[in-house]
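**Student:** Before I ask anything, here is the structure I am working with.
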Amino acid sequence: MKALSCLLAVIATAGSLFQHVDARSHARDRLNNISRVERPVIHTPSHRVHAHSHFDLTFDLYPRSSRIKLQLEPNHDVLSHDARVAFLDGEGNVDRMERIERRDHRVFKGWAWVQRKSGSWERVGWARVMMQRDGEDPLFEGVFTVMHDHHQIIPKTKYVHKRHPHDPPLDATPGEYMLLFRGSDIRTQTHDTVERSITSSPSCDADTLAYGTQSDFMFPPLPQENNTNLWGSLMTSIGRRQNSDTVGTVPGSQNLRDTIGNTDGCPNTRRVALIGVVADCTYTSTFASEMDAKTDIISVVNAASVVYEHTFNISLTLGEVNILPKNCPATASSATPFNQMCGERVGDESFTLADRLNTFSAWRGKKSDDFAFWTLMTDCTTENQVGLAWAAQLCVKGVQGDSNTRNASSQAVSGANVVSKTDNTWQVFAHEAGHIFGAVHDCDSALCQDPSNPDNSRCCPSTATTCDAGGKFMMNPTSGSQITAFSPCSVGQICSRMAKHSILTNCLTTNRGVDTISGQQCGNGIVEDGEDCDCGGDESCKGNKCCDPKTCKYTSGSQCDDANEECCRDCKFASSSTICRLSSGPCDPEEKCTGNSGDCPRDTHSKNGETCGTNLQCASGQCTSRDLQCQMHLGSQVAGSRTVAFDSYGCQVACKDPYRPDVRYEGSLTFLDGTPCGGGGTCENGQCTGSTFGNEVSDWVSRHKPIVIGVAVGVGCLLLLAILSCICGRSKKRRPRNRKMAPINMRPMPPVYNGWTGPPPNAESPGGHPQYNHVPPPINAPPPAYPGRMPSTRYA
């Protein structure tokens, strides 16, 4: 039984490692149109700008004859105060480490305006820009929106490098200049095929990777016989950007409609997510220098962060950048196994984007930082995949699984993703980060019509009654037009995950006490030493009566800032009876303001394992059980309210219908952290931790009572028979024999076995002794001396 217990423990542990889903992004489709950026003007006296400049930037779009104005200010959030760049050698060792100086990077944010025929200007969207060259002939890149249609500005060299085979050709104009394309210029997608070639638009294919028998982390669970394996993997990508390009724990599909547009759970005040980025050799090789690669990464994060700031009140901020040399090694170093040439052969197979994620995740798992996640930037693709991510791994440190094998059922899972370089890299970056935050794909016509997608459970629907989201949002499976924001369904999904603590948020810091690269910079949205408040500059501070945007001090009579402090009401501290964080149940008590501070006290939960109801225990702030989580996540596909957990051992959600006890239903979900699991342990990020061998044996016994009882009864019966046999044997030994004893002075005649003289007699004749032929002893034999009575002898 010890061996069996060990085997079951190994199986269950292995099964708990691979309940994650990864998602992939695919390259965009061809462009129908492309424009030249003409007559760019920096509106400063000398047409010069520095890292802390506030200015307007205007230009024309040819041949559309539109005049655009970008009203810009520094984006100090994009780099942390101690942001650093590590330049690695070919073996993956740090060659040198440098601090990223904020003054060296002219990174801006702001708003986009369009000039009307009347000459007036109308604000039409947001803008993010990285200035490469100022003066009278400026060069810049970035993205801005016009009525939710994103406009991408890229240098000619980048367009040429990533030009789609069917994109419009360029003229012979020499030198570097700027081009622009809109999301609406990308060819409209059809959904008559699932697999797309490199000429297809970028998509996310996490759904195409095996996760048990599923093809997407949100696919409905398939019934499995009890003897099937307990693990698998599901990976997805962004071009049909993501049928699936995420890997991780994902909430039950039946809840997506219930939370559409619900922002409960998302932060009410600004939070900062520090991230790390690595550029592999293929990515670095596309730039003239390693410094240019670093600059491009900053530009990508600058653009991607805006959708998180506007939607979730979370800034994506660079904490560390690692740059690998542009010359790819002949053989990847063990320190950086992900750093390989595109299409490199590993055995009989190519090194795919999934392999890069797997090996990069193992690398990230060894990092000891508190970053929200790490991203690997590469120039490689697998078919038309341009991105891949583990789902719902925000703030997760360490690694689960094994990266030493390329078997899809054995993977390394951590807070990591992979993004390929495209001409809209920022969008791929934002999409893959969405999966890290736990978002699934928006529904498109293909997913809505897929017979394996009952009740549209694999994706985020447009509304509670409409499936197809129309390809308008950030988590659309393919790149397309007007993709600049998250859908209401994605917003509700991510916020509800935060509210239910099904993703970690402990790495998201407030905007107070976050050192920025700019030091004491009023207007960067971060409250630093010496500042009372910082509402983010003149534009962001409009209507704020508590904070002076010029001095970052409270206005006269103000004690706090309503915009950034949860216990502030009309610029005064809220009373101690004010609830600043509502209770979500018996395991998550409400928090109240202190009355002498603008900050809400730390969110606290009841201890995991604490009883909160009949057969219910606290786990991650929720009053729940394994059965209840099964009903919540898989009930609609199994047996509704009578759905129960398949067993009490692992941390992957596996359920059953009590009337079909031998059929196992499982998906890509994991039980909440703190949920009890085998051996007296608790689930933590999909793994059963804290179990002991003794408890595992006890747990195994309790889970197999019929077998144990049967074996115990059988063994007990055998023992009873053995005892009875012994008792009977001893009783016969003590039974008196009706046998004549030899006289005390006479030597008994020893028997001599000469064989049977006739038919073999019975061993004992009735009322007498066995009959033998005897030979008399020698006549002169001296008699032996007997010490006493001879014991009886039994012959058989």
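Cβ coordinates are placed from backbone N, Cα and C, and glycine is handled just like the others.
What Swiss-Prot shows for this protein is this:
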{"type": "DISULFID", "residues": "CYS395-CYS495", "note": "disulfide bond"}
{"type": "ACT_SITE", "residues": "GLU432", "note": "active site"}
{"type": "DISULFID", "residues": "CYS448-CYS459", "note": "disulfide bond"}
{"type": "DISULFID", "residues": "CYS580-CYS600", "note": "disulfide bond"}
{"type": "TOPO_DOM", "residues": "728-796", "note": "topological domain 'Cytoplasmic'"}
{"type": "COMPBIAS", "residues": "775-786", "note": "compositional bias 'Pro residues'"}
**Student:** Compare the Cα of CYS580 (disulfide bond) against each of the recorded positions CYS395, GLU432, CYS448, CYS459, CYS495 and report the nearest.
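**Tutor:** Nearest by Cα distance to CYS580 (disulfide bond): CYS495.
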**Student:** Rank the disulfide-bonded residues CYS395, CYS448, CYS459, CYS600 by the number of other Cβ atoms within 10 Å of each Cβ and report the first-ranked residue.
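**Tutor:** By the 10 Å Cβ neighbour count, CYS459 comes out on top.
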**Student:** How many neighbouring Cβ atoms, not counting its own, are there within 10 Å of the Cβ of CYS495 (disulfide bond)?
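**Tutor:** Neighbour count, Cβ to Cβ under the 10 Å cut-off: 21.
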**Student:** Give me the mean pLDDT over the topological domain 'Cytoplasmic' (728-796), rounded to a whole number.
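**Tutor:** Mean per-residue confidence for the topological domain 'Cytoplasmic' (728-796): 47 out of 100.
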**Student:** Pick the one among the recorded positions GLU432, CYS580 whose Cβ has the fewest other Cβ atoms within 10 Å in this structure.
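**Tutor:** Fewest other Cβ atoms within 10 Å, among the recorded positions GLU432, CYS580, is found for CYS580.
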**Student:** Measure from the CA atom of CYS395 (disulfide bond) to the CA atom of the residue listed as 'active site' and give the result in Å, rounded to a whole number.
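**Tutor:** Given the Cα positions, the residue listed as 'active site' is 15 Å from CYS395 (disulfide bond).
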